[in-house]
Amino acid sequence: MTFRHCVAVDLGASSGRVMLARYDSKHRTLTLREIHRFVNCLQKTDGFDTWDIDSLEKDIRLGLKKVCNEGILIDSIGIDTWGVDYVLLDKQGQRVGLPVSYRDNRTTGIMPQALVQIGKSEIYRRSGIQFLPFNTIYQLRALTKQQPELTAQVAHALLMPDYFSYRLTGEMNWEYTNATTTQLVNINTDDWDDTLLAWTGAKKSWFGRPSHPGNVIGDWICPQGNRIPVVAVASHDTASAVIASPLANKHSAYLSSGTWSLMGFESKKPYTTDEALAANITNEGGAEGRYRVLKNIMGLWLLQRVLKERRITDLPALIAQTEALPACRFLINPNDDRFINPDDMHAEIQAACRETDQPVPVSDAELARCIFDSLALLYADILHELANLRGEKFTQLHIVGGGCQNALLNQLCADACGIRVMAGPVEASTLGNIGIQLMTLDELNNVDDFRQVVSANYDLTTYIPNPDSEIARHVAQFQPKRQTKELCA
């Protein structure tokens, strides 16, 4: 067969889309077309920040039906989403309550309990995963302690992409790359860790053994009656994005830039040394037995909140105004946990500057400048940490995802990090999702083969560092952890 048509359902924390890929195996050309885009936002339910899971499912099905109604024969479907959040099911496979968002404050104070009762080094030795206050391990502990009546109804817990696959196929699956984000998977066995799971109060029977990407979960029956295989892709959206990152060699790092920024490198081994623990480095699962050695950064979430609060709709105009301002007048630590979900983001940024005896950003452009400069400097700080961890410097940084369209931030990143930046592709998560589907369909050999297809079909933009830039001169002075409470500490 010359042509393959694969559908990627790509859900982010702020939006979702259903994308159709067309792959010509003879010429190795790959094109994407957006079929359906929809909003994903938090809602308050009984005092919790929850996801409107039924609305998301409705939009997924609508997007799939739109493809089928075009008369296109779909070869496969794959679903990727953000990590750590889950859906609870009862014995009949029906949903129990609404899934609570990782941004809800129910986990406040939970992580410190684990550090005392299990031990930080012991948790890291078992999982290899960074300490984030909203990891699934702490969410489940909050659930079982705060909502025992709800907990008593639970028979299964599915992570977000696995839930939507279940709704399409009727088959349950626990995909490995996303499962590792829970901080509950043992890094040596690739199975759920008994000690960590027992501490949460959740039952091991809620979970099946994690499966690596590339297996067929089951079939979705389209309106026309065709059975379409649903593939377990690398269902954590960052895992998919890394698959589509055209990393040139072992000296290349990646930055998946969106609501979250995730900076790291690909490795055949995990890094769980005392140095890695001190730097709060995570070893999330990747495709083909590779590890995504990385660190979470609070990313463009800060900007997204400012845009919403101040009703800014013309982002290109804002960036142009921002570029005209002097650099590094206002600096914050984007990973300060005060920015996870404040009531008023721009007021929180202003307060952080005021508390550190800096000028206070007032205008929209000044707030954006503060965010961009601070992110670029934090990128440089973390890239330095990663290089020290592996004992080799990086020579190139690949920025993928929606944030790679921000030319100003890309250049600031190149200047601060002091290395060449390659930006693109934008639709990295979708492409990585498609890549695993094509491998499952035996159209591609492996991840490296797929990256060659990506490089041949998608243009990258190069940014050369300017060592004389204002931000480059501030790198040595920027110490984000000195005056703030780190999100990942």
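Each residue, glycine too, has its Cβ placed from N, Cα and C.
Note that the coordinates shown come from a computational prediction; the quantities given were computed from them, not determined experimentally.
Disulfide annotation in Swiss-Prot: C68 is bonded to C222, selected among C222, C328, C353.
Residues H236, D237, T238, N296 are given by Swiss-Prot as substrate binders; from G78, G83, G93, G435, that same site also lists G83. What Swiss-Prot records for the ATP site is A13, S14, S15, G16, R17, T259, G402, and among Q304, Q350, Q452 the residue it adds there is Q304. Note on the recorded positions A13, C222, C353, C417: the fewest other CB atoms within 10 A surround the CB of C222. The distance from the Cα of N296 (substrate binding site) to the Cα of G16 (ATP binding site) comes to 21 Å. Candidate recorded positions: D237, Q304, G402. Nearest to C68 (disulfide bond) by Cα distance: D237. In space, T238 is the closest of the recorded positions T238, C370, C413, C417 to G402 (ATP binding site), judged by Cα positions. Neighbour count (other Cβ atoms within 10 Å of the Cβ, all protein chains): 32 for C413 (disulfide bond).
DSSP assigns T259 (ATP binding site) to coil in the three-state reduction, outside any helix or strand.
Note: the substrate site is recorded as G83, H236, D237, T238, N296; in the same chain, W82, N178, T181, A239, S256, W260, L262, E284 also have Cβ atoms within 8 Å of that site's Cβ centroid.
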